[in-house]
């Protein structure tokens, strides 16, 4: 640790705080991280308070604004676990149902596919098919649509669509350019069928943060085609056609 | 209530002056002589402040008094509720009424809630009155209970006086009672301090803290430090553990004699402040018998919630093991075995597996086979079992004379990021969870890790060939280790499934991920905890797994349900360690609130609570016969618990730092513990469990006198070169494997 003489004052204060809280061993970088956090927290609060006070048409920021800012931030960032009586209550509810029986011989025991992360979330278009019809067009690996799920907690979007069965392979060719629609299933859960837009339109690319459960960012695109009715809005896994896996 | 609160503020502002005493005296005397509400109406007038309300209040209060005197307590409650009267208003008069016999100024202060008016005055005379035992009228016990309302408004300066009084009293009692009554100090101190903080008496709280915090037991030091940083009411709001402490009742176990002594003292001294706190916040579990010694008390205390009530540990626990299924093992050698592992009867004689058919009748301490649904044995499981039996015949018998060899797997260049380790049961694979959110799997044997070929390649293989299971594996990417990416936070728990097909990992990103060890990809992410998940473990039979996290609950999941099946709620702080019992019917959880709880999987009930650790518990281990549980914590002690009786049966001292790894040897003779002090210690478990003598007394009261035989039980200490031990594992042949990350500092 740097000698107290050369250490700036707030670092000294932070060292004292750590000592008071009983933290005796720490790496030297911890002080910098704590100071950064302090600075960030205080400026966030004060900025929020400034916004509240201007909203209330006050001339200067006062304690009430600060208090409100703190309260809002606490509810947002520093949540604490639910209180004990609430936990006991839901535990009681949950524990009343008897344990479900185990079905015999069902292979790997996994939840329904929509809750698993086992489905591919992309599909690569092979080059050969498009060479003939698309001239001078860069074939972009198209992202296939995943099954729409209305559960925001779903980590994945299930199965790829069945665009590629036999004759339908050629249809995406008719799209011009890199046009693809991105649809977020959760925000438009009016219908499970996500294939409603049959006309190729460019919509806003939205990424639903709830889908970003892992490091992968799942962008679902709707394979716009005239055969949208055959889009697999069902959640069953469809058999990928062997055409996709031709030796390239 | 607002008006009443103004009252004491005004009065506190005034110094304790003679006129005040006089006026109070007059009020009290008039109250006493009047013997009813009417004459004490000036008393309420001062705090109440609103003149027009007085008459109505007077009549109401008079009626209440009448009802009370005639012991119509229910009507009292109803009337009080409907009238919206503050309880202390009424009770202040009640105290007045009951204090009629005294006739001097102390009648007011006896009841602390009354003390709004008279408290400042009473401070002086109170101490002089202490030796005078006055016959306390016991006719308003329910009132007193009701009095201890949440906003207890005793005068802050009197808290110190009360506490010192109690301290003096306890120091003056007989030795045998003193140890027991000293248990009161800590919870009382904390509750009084919290009351002061809650009522915004910051300076008084600080003074109270400074004066008395030094007296508390040394193992409460950490808690006291946390308390010290709490000086305002706002600080309390975010602190869940503290709020739970306030609302849940701290349990104390005191013998009847000591309790009578305490009760008599408190009631004769009108120290109702303390009595109120005791009644509201403390639960005193009285037992008949000898008072406990200091050592006995110290060994059981330390948890955030006090000790465990006796009836909590009375439920029947089926600690026996499930019967092994019968598998026919051919009697002959390995070369014949390869062809006939299914156990089909051969021409040669076959011998029934001895483990399965040992006893036809049910072990009374074992659960029924179908108590909880368990997955059936697949053929591959049967093969595994046969391998297991073969290995166990080659097992080394360990004993104090025959200690196991230790093989240490050191993780180099882990940059202190290693946060979790697990071995498979047959010790062929090793998994490590890291702070950079990756999980890495290594193979310990020369056989490399292979994953299944991609779908394109799978199409090309011959499905009919005999070694199809070999052919589906991709030789090109075979390697010694594989990295699994997917979590977005440090991985704090890893667990292999018993059939070596799956790996679970739990992380700070509040998810638990199931990975396939055949494709080395992630299969499922289980979401439920919204806070870091500190530990997870597969059941010994697979299919179920348990996880525990920062949200203070442990959850039981099944791999094919996306929501938990059971929620085990009850701990006061984070659940740091979760372990299955060998029969998969019970789950043990260790927590930061320093208790170990045993939960029943069938209905989610907590069947055992074990207190005694003085620090957060970081590891648990069940003995292979299912009867005992060992737990290790940051205080460096390993405690041994008997599950059937619910008692502590041993304490192993020796480590100097947090214990992160505990494992019993395969037959339960040796207990190995690994800690942050870079050592692995071996303890004689057989001896520790044999020494237990159970007579009726101990079984009834749960007070066992632990012999301090840690030194005898310690069989060996093995130091590593600055590598803290993160995990321990006994192979099937009783070789001890240890794992840890090299710490270069």
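Keep in mind that glycine also has a Cβ here, set from the backbone N, Cα and C atoms.
Taken from TrEMBL, the feature region 'Disordered' applies to B:1-52 (among others).
According to TrEMBL, the feature compositional bias 'Low complexity' maps to B:36-52.
Marked as region 'Disordered' by TrEMBL: B:90-110 (among others).
Residue counts for the domain 'TFIID subunit TAF5 NTD2' (B:154-282) under DSSP, helix first, then strand, then coil, are 104 helix, 7 strand, 18 coil. TrEMBL lists B:154-282 with the feature domain 'TFIID subunit TAF5 NTD2'.
What TrEMBL records for B:329-377 (among others) is region 'Disordered'.
Summarising the annotation, TrEMBL assigns compositional bias 'Acidic residues' to B:329-340.
Marked as repeat 'WD' by TrEMBL: B:411-452 (among others). Only residues 6 or more beyond the boundaries of the repeat 'WD' (B:411-452), in the same chain, are considered here, and those with a CB under 8 A from a CB of the stretch are 384, 387-388, 391, 458, 472-475, 477-496, 498, 500, 503, 505, 507, 509, 515, 517-520, 726-727, 729, 731-732, 737, 739-743.
Counting residue by residue with DSSP, the repeat 'WD' (B:484-519) contains 0 helix, 19 strand, 17 coil. The feature repeat 'WD' is assigned by TrEMBL to B:484-519 (among others).
Sequence annotations record features per position, and here TrEMBL assigns repeat 'WD' to B:526-557 (among others). Counting residues of the repeat 'WD' (B:526-557) by DSSP class, helix then strand then coil, yields 0 helix, 19 strand, 13 coil.
According to TrEMBL, the repeat 'WD' annotation covers B:568-609 (among others). Away from its own ends, the repeat 'WD' (B:568-609) comes close to residues 241, 244-245, 248, 302-305, 308, 312-313, 315-322, 366-367, 371-372, 374, 534-541, 544, 546-556, 615-622, 624-626, 629, 631, 633, 641, 643, 646 of its chain (Cβ-Cβ under 8 Å, at least six residues beyond either end).
Distant neighbours of the repeat 'WD' (B:610-643): 219, 222, 299-303, 305-308, 317, 319-321, 573-574, 576-583, 588-598, 649-664, 666-668, 671, 673, 675, 677, 683, 685, 688-689, 692; these residues of the same chain sit at least 6 beyond its ends, with a Cβ under 8 Å from one of its Cβ atoms. According to TrEMBL, the feature repeat 'WD' maps to B:610-643 (among others).
Per-residue confidence over the repeat 'WD' (B:652-684) averages out at a pLDDT of 94. Residues or ranges marked as repeat 'WD' by TrEMBL: B:652-684 (among others).
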Counts of helix, strand and coil residues, the repeat 'WD' (B:568-609), according to DSSP: 0 helix, 24 strand, 18 coil
Summarise the repeat 'WD' (B:610-643) by DSSP state, stating how many residues are helix, strand and coil. 0 helix, 20 strand, 14 coil
